[in-house]
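Below is one structure, written out as structure tokens; the observations come after it.
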Amino acid sequence: MVYQSEYYFESEPYEYDYDEYQKQSPVRKILIIASIAAGIQYGWALQLSLLTPYVQLLGVPHKWAAFIWLCGPVSGLLVQPTVGYYSDRCTSRYGRRRPFIVAGASLITVAVILIGFAADIGHYLLGDTLDEETKPAAVTIFVLGFWLLDIGNNTLQGPCRALLADLSGGDEAMTRFANALFAFFMAIGNILGYAAGSLSEFYRILPFTKTEACDIYCANLKACFLVSILILTFVTTVAITSVSEEPIASPTRLGKVAIVIEHGEEVSTGFFKQLSFLLLSLSKPMWILLFLTSLNWTGWFPFLLYDTDWMGKEVYGGNVEGNVEERELYNQGVYAGSLGLLWYVLTLGITSLAIEPLVRILGGVKQVWGIGNLLLAVCMGLTVVITQMAETARSTAATTSSGGVLKQPPLKVKMASYLLFFLLGIPQAVTYSLPFALTSIISNTVGSGQGLSLGVLNLSIVIPQMVVAMVSGPLDGLFGGRNLPAFVMGGIAAAASGILSFAWLPT
């Protein structure tokens, strides 16, 4: 098949052979590119497990901490579609995707240095004092680093998935396998990240990270992020040096040309026109996919943002702003949450490798999607049950004749929490693979660019994240800073995604 389009480039039409470019590449190349996900997700795991408690240590109240997470969706709203569009048209001799992969990895390196050293920069260079409850300079540096981190993640992740689709050569089973493999390496990165985050003395491998302005908790985060630079640099270097791309001769001058489409109508291929045209011409299955993905991520984000905070507050009964004993309980809960996340990513990794067999056994994608989302909804409901168990145990301990205070939740509460994390890995494997695989398959069917199509899918991820970030903080504030209201909201959204998928997703 030759995709015939008349591009006006120096008054000459251009014929572009997509089949020639998309010849199926060996599985080894897909494996190497997918491994970049481990480097990306190591840093992302550290964000999810340690950054919400970290920003509160910098003096940002819990109800405002949610708004810092707006950095990610706002940057993703703009960056990933833009990067996808230009990576589809990149004419570098190094290929279409690899230059953006290198740029994204470089941005992430700068960002994690700013985040990890925010307290030190604020104190030693910008005048923060140690006795300040809120450290404004450190918070400013942290937010700047956080913006750069999310820009880097979006710059890196979109081209990686687009390159996997390119290497799959339009084969649907191979496309699903490539995205499942990407999810598997995300699990590997998560395991490394959550394992590092759960070690209370990880900083000892890099003892210089502990300073007067940066306590043990801060030093642990700093050391984890420095290790993340090494991991990401290694996997990225191996990938870009081992897997080559065939450079393409550009049919366009970026953003300044027109393409002749059906019925002879000319449409500008400038980025915003191209994005608008793509959105207006989306097929019904793609709109359904975007809507169900939005509901799915609305279900996920409350727990992803506040899982360790929930363990510290609701399960362990700690308080990051309380007395010494309450802060210690909170820290124990955070570290226990990081350990629970290890169980979660273990299940995620195993399930990721089983996605393609599950699709075949259960009879189709809609069954796997629906069951996964309904399981997520059940897990969000279990957070309410586990919280009630922990509160009952603390209340019972406080009313005993000895008047003792429960130092840690009972074993049954801990085990129930770890079981919850373990179960959550199953629906997460579905979320990390099927939407992206379906988007690539639809993109191949209609002949649109992989980069831009995956950027459009990213809109259905970042918009829910913006909604959750804006709503969850005030919502939790109405209930005394508790995380459960946002979790219940997520459970309802996940249940809706699961139920509707059975009726709406095509077989």
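Every residue gets a Cβ built from N, Cα and C, even glycine.
Remember, TrEMBL labels are computer predictions, not curated facts.
Listed in TrEMBL:
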| type | residues | note |
| --- | --- | --- |
| TRANSMEM | 30-52 | transmembrane segment |
| TRANSMEM | 64-87 | transmembrane segment |
| TRANSMEM | 99-125 | transmembrane segment |
| TRANSMEM | 137-156 | transmembrane segment |
| TRANSMEM | 177-199 | transmembrane segment |
| TRANSMEM | 219-243 | transmembrane segment |
| TRANSMEM | 286-306 | transmembrane segment |
| TRANSMEM | 334-355 | transmembrane segment |
| TRANSMEM | 367-386 | transmembrane segment |
| TRANSMEM | 415-439 | transmembrane segment |
| TRANSMEM | 451-472 | transmembrane segment |
| TRANSMEM | 484-505 | transmembrane segment |
Recorded stretch, among 334-355, 415-439, 451-472, maximising Cβ pairs under 8 Å relative to the transmembrane segment (177-199): 334-355
Range from 30-52, 99-125, 219-243, 286-306, 451-472 with the greatest count of C-beta pairs under 8 A to the transmembrane segment (334-355): 30-52
Tertiary contacts of the transmembrane segment (30-52) (same chain, 6+ residues out, Cβ under 8 Å): 65, 101, 105, 108, 112, 115, 146, 149, 153, 156-157, 160, 163-164, 167-168, 174, 177-178, 181-190, 192-194, 196-198, 220-221, 224-225, 227-228, 231-236, 238-239, 242-243, 304-309, 334, 337-338, 341, 345
Same-chain residue ranges lying at least 6 outside the transmembrane segment (484-505) that approach it to Cβ under 8 Å: 285, 288-289, 291-292, 295-296, 298-303, 306, 310, 314, 365-367, 369-374, 376-381, 383-384, 387, 427, 464, 468, 471-472, 475-476, 478
Same-chain residue ranges lying at least 6 outside the transmembrane segment (367-386) that approach it to Cβ under 8 Å: 292, 295-296, 299-300, 302-303, 310, 314-315, 355, 358-359, 413, 416-417, 420, 423-424, 426-427, 429-431, 434, 483-484, 487-488, 490-492, 494-495, 497-499, 501-502, 505
Range from 99-125, 219-243, 286-306, 415-439 with the greatest count of C-beta pairs under 8 A to the transmembrane segment (451-472): 286-306
Within-chain partners of the transmembrane segment (286-306) [C-beta distance under 8 Å, separation at least 6 from its ends]: 48, 52, 66, 69, 369, 373, 376-377, 379-380, 383, 424, 428, 431, 435, 438-439, 442, 456-457, 459-461, 463-465, 467-469, 472, 483, 486-487, 489-491, 493-497, 500-501, 504-506
Distant-in-sequence neighbours of the transmembrane segment (219-243), which means Cβ under 8 A and at least six residues beyond its ends: 25, 29, 32-33, 35-36, 38-40, 42-43, 46, 50-51, 54, 94, 98, 101-102, 105, 108-109, 112-113, 115-117, 163, 167, 189, 192-193, 196-197, 199-203, 205-206, 209-211
